[in-house]
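Chemist: My structure is below; once you've seen it, I'll send some questions.
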Amino acid sequence: MSEFILVASLCLMSSGVLIFGVCKNAAGHINLAVMLSGVVGDLGFNYMVNIARVNTERQLNLRGTLLLENILTENTVDTVEGLVKKNYQLIICSSFDHTGGCYKMAAKYKNVNFLLRDIPCQKVGDGSCNNLPSNVGTIMMDLGFPQYIIGYIAGLVSKNHSVGIVVPGLPTFSYSTANAFMIGVTKAVADYGLPASKVYTVETGSWLDVDRERGATQKLIDLNVDVIGMSSDDLTVQQVAIENGAYTFGTSGYPVFNVLGESILTSVLTDWTATFINATRMVMNGNWSSYSWQGEYSTGDLTMDIYSHIVDNVTMSRIQQELTNIRTSVNQTIQPYNCHILYKQSGYPVDSNNCVPYQSLLDSPTLLKGIEGLGLYEIPVVHKPIGRSITLGFSITTGIVAFVAVLMLLGVIIFKSTKILKSASPVFCMAIIVGGLLVFSGIIIWVQEPDTSLCRARYCNPRLKRLKITNKTLLPYILALIILNCIILAVMTGIGKIESIRSFGTDGLSTYQYRNMCDQKLSGNIVLYILLGYHGIMLLVGCFVSWKIRIVEIPEFNESKPIANTLYAISFCLFIIIPLIVSQNGLDSQVIVICASALFTTASSLVILFVPKFWRLYTKGVNADPFSSSSTNTFVASVGKSNAVGMQTVVAAGMDETNTSAPPEIKDDSESISKS
């Protein structure tokens, strides 16, 4: 009895293990991953691949299969490495972008099965592939049929007798799809004696490049093409064609009519479900063997969607007749899109039926005769200049302020012999105003669209000289400062290689927009920092001068207050504009900050330095003495007791209300300053 119980227990345990294993598979405990080259919502190729994944889950009672989007050529290997580490048993590489990387990983990980896009293999007697790794299967849809049939329809419905197709082109994929489209157009024209249609093709260099597809389609529209085919993974070509009134198709596998309506003449539908289920079952059952699968129209893997009302009954019957011929062909390897005299005429290897070997057909290195190839579409880069409102606004405003400065300069020239301006050294007054005009010219240069010459002119624009000194003996020192400034600028221009460059991907620009920006080498930037430090030192010198002349007691000779106010205005602006410039990423914003600050500081400096002088000329008259009575008293008191007689005379003159005579004229301003 005990032996019977033991045997029964072992049988039950074995049955339980077996049942649990079956339930495990039934519950979907198989690690399956599907990689897409785009997004599942493209309503095209990637959408249909995902539909096959979902159908596989449903029919095999799976759950938790993994979908990976936007896996491109450059990250295929890393993605597969990650999946292998997570113990995925079957990896489906759905795009041609994945093929090379997945073959590489299949050779490295023999215990993982791969299903990838590639041409049908060479089969041996038992149906297996002799040129595939044992853990690899390949899947392929007949790429000739979809493009051939839409070319056939295009030849029937085109009113302008001008049709075109957008394809990836070499090296992404061969010209097989463009050639099939051309043969379809030619066949329709020949079958029904229609006027010959001009056939164009434009390449995008990729299965999925929205910007190039949009531009390539527009290029066909500009050539009066009214029916457009495509070989791409998304709906960009169709959308642009419809926006421009052209007719188009769906060839990425999805019924595009459901989205874009009657302008879609029809769609070629694809169904990947059968091959996904077959591969998954082999992994679940543990009987994987390398195999190759190709979907055909004759087997139902490729089907036709409903037709637009634009396709009339006569055209519909002609299309159906051609589809019947393809489906009922005795030899499915002989089809119009791979067996045509155009292949022989274009130098392709053909057999007695003018059929191209399958591998040669897929390689298709050249376009057939009769196709006008427009080459790879190059997206034109668009220059985004400095805002016109900024250029005009600052140029006009600066011009007005510069005009006022010119009036100041003329005023100094006209009234330079008056005592009020003579006491302020007219030569230096004119130099300061000229410096201001140079700054204003620099602002106008800065708001223009930069080229290499303007970039160099920006840095070489002379600065406003803010030191107000009347002693002409200091002129050599001022010239030395100016020469040093020019030397630094020359060195920066020489070693910095300042030039205008195209800048992409900045300032909120789109992918194919650029801005002209000034650029220089690192060595030039180092010299620029030296220049900035030099001007910082000049600001400190200005503060020192302002502090030293504060003891001059004659107001007309004491420039400490105007200089101090000018330096304050400049320093105040610097503390504000430097953080603003650093924080601004936009070129327009930086131009606004720089030009506004330069305009404000220069204009305010001229106002602070010269408006009081012209105001005194206006209120006191051009012949007014530069000294007021109070300033005269102060001046005389400062002379000291060494000239008591002169002091008494001047004081008496100042105290006598009826005596309005002025003190003796001071002939040498600089001498008076020295003595005071």
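Heads up, the Cβ atoms here are built off N, Cα and C, so glycines get one too.
Nobody curates TrEMBL annotations by hand; they come from automatic prediction.
Below are the features listed in TrEMBL for this protein:
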| type | residues | note |
| --- | --- | --- |
| COMPBIAS | 665-676 | compositional bias 'Basic and acidic residues' |
| DOMAIN | 517-620 | domain 'G-protein coupled receptors family 3 profile' |
| REGION | 656-676 | region 'Disordered' |
| TRANSMEM | 29-49 | transmembrane segment |
| TRANSMEM | 392-415 | transmembrane segment |
| TRANSMEM | 427-447 | transmembrane segment |
| TRANSMEM | 474-495 | transmembrane segment |
| TRANSMEM | 526-547 | transmembrane segment |
| TRANSMEM | 567-585 | transmembrane segment |
| TRANSMEM | 591-611 | transmembrane segment |
Chemist: Would you confirm whether the transmembrane segment (427-447) and the transmembrane segment (591-611) meet the contact rule of 3 or more C-beta pairs below 8 angstroms, pairs 6 or more apart in sequence?
Modeler: yes
Chemist: Which one, 29-49, 474-495, 591-611, has the most C-beta pairs under 8 Å toward the transmembrane segment (392-415)?
Modeler: 591-611
Chemist: Six or more residues beyond either end and a Cβ under 8 Å away: which residues meet both conditions relative to the transmembrane segment (29-49)?
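Modeler: Tertiary neighbours of the transmembrane segment (29-49) are 56, 62, 65-72, 76, 79, 83, 86-95, 97-98, 207-208, 232-235, 252-254, 256, 259, 269-272, 280, 283-284.
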